[in-house]
Amino acid sequence: MTERTLTLAFESSCDETSVAVIENGTKILSNIVATQIDSHQRFGGVVPEVASRHHIEQITKCTNEALEQADVDYNDLDAVAVTYGPGLVGSLLIGVTAAKAIAWAHNLPLVPVNHMAGHIYAARYVGEFQYPQMALLVSGGHTELVYMPSEHEYQIIGETRDDAAGEAYDKIGRVLGVNYPAGKTIDEWAAKGKDTFNFPRAMEKEDNYDFSFSGLKSAFINTVHNADQRGEKLDKYDLAASFQQSVIDVLAEKTMRALDDYPVKQLILAGGVAANHGLRARLDHDMKEFHPDVPMLQAPLKLCGDNAAMIGAAGYVNYKHGDRAGLDLNAVPGLMFDRIQSK
């Protein structure tokens, strides 16, 4: 009989308060998510002070609900896992403090988790991981290609030099009058439009795996503002389609090139922007055409955004590998995987 390991996991890196109970890193017994989107929408983005206050209000409620839904108590737990970075320092501290308090009070090991590792392991709920593997992480704060030679080993081979893809979505969303977060609406609009504006594909042909989206963002904003000054009304669906096509072309091109150079057994697609239907469809197509022997695991739609279930999955791996933190664990807002020299 397989030994049962229960992990209580905390995620509070940005604007979602989430607590989950995970069995053996692969079974979700509960995954409570308290979102703050309504509070941040009128500001057009996340306000750190507001986010921290909401985390304080929600963290105890979420913890109690997670335990109740999983039908377990503290005595059943084997470990407490928590995101300690990257993210907003004030938000991270709420989760870290709660996790430390519970670990201390119930004499449980405290397992630190990198938020980005959590996003990768969200795909673990879809199927078994095979190594070596490549992960394309696309979110509001990060856009990275991560090579994993083995479990618990992460090497960045490419990343954005400026804006993350999700950040660019939100910024152009403001120009289009779309509420934060803008990604879902722009994805829906893009499906109704055509790539008529031919926005730049920055760094697409450069001999590396890095990304850049600030030039695309500027080109988009200038196009809309110039049209406004001429009194010209541009089609919002075509604008969305043109923007999204530029983003997807670069993400897909760089990912295929990375897979050409790094023989892997699997590709993982994860992060908030991994919920984008256009991106999923393009990668499905390109993998079948260019790398038919490499299976792709896409994080489930409901686990693409920030949640504690993904932290529990990554936390279980860390727990198995002996990762432990003391009660002096602190938030590390700029936490990163190691960067390696590209092949």
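Indices start at 1 and increase along the chain as displayed.
Just so it is clear, glycine is given a Cβ too, placed from its N, Cα and C backbone atoms.
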Substrate binding, same site as LEU137, VAL138, SER139, GLY140, GLY141, ASP170, GLY183, ASP187 - Swiss-Prot member from ASN24, ASN31, ASN276: ASN276
Same Fe cation site per Swiss-Prot - residue from ASP293, ASP306, ASP323 joining HIS115, HIS119: ASP306
Largest CA-to-CA spread of substrate binders LEU137, VAL138, SER139, GLY140, GLY141, ASP170, GLY183, ASP187, ASN276, angstrom: 18
Pairwise Cα distance for HIS119 (Fe cation binding site)/LEU137 (substrate binding site) [Å, integer]: 7
Pairwise CA distance, GLY141 (substrate binding site) versus HIS115 (Fe cation binding site), rounded so that it is a whole Å: 11
Cβ-based neighbourhood (8 Å from the centroid) of the Fe cation site, residues HIS115, HIS119, ASP306 excluded: GLU11, SER13, THR83, MET116, GLY118, SER139, GLY271, ASN307, MET310, ILE311
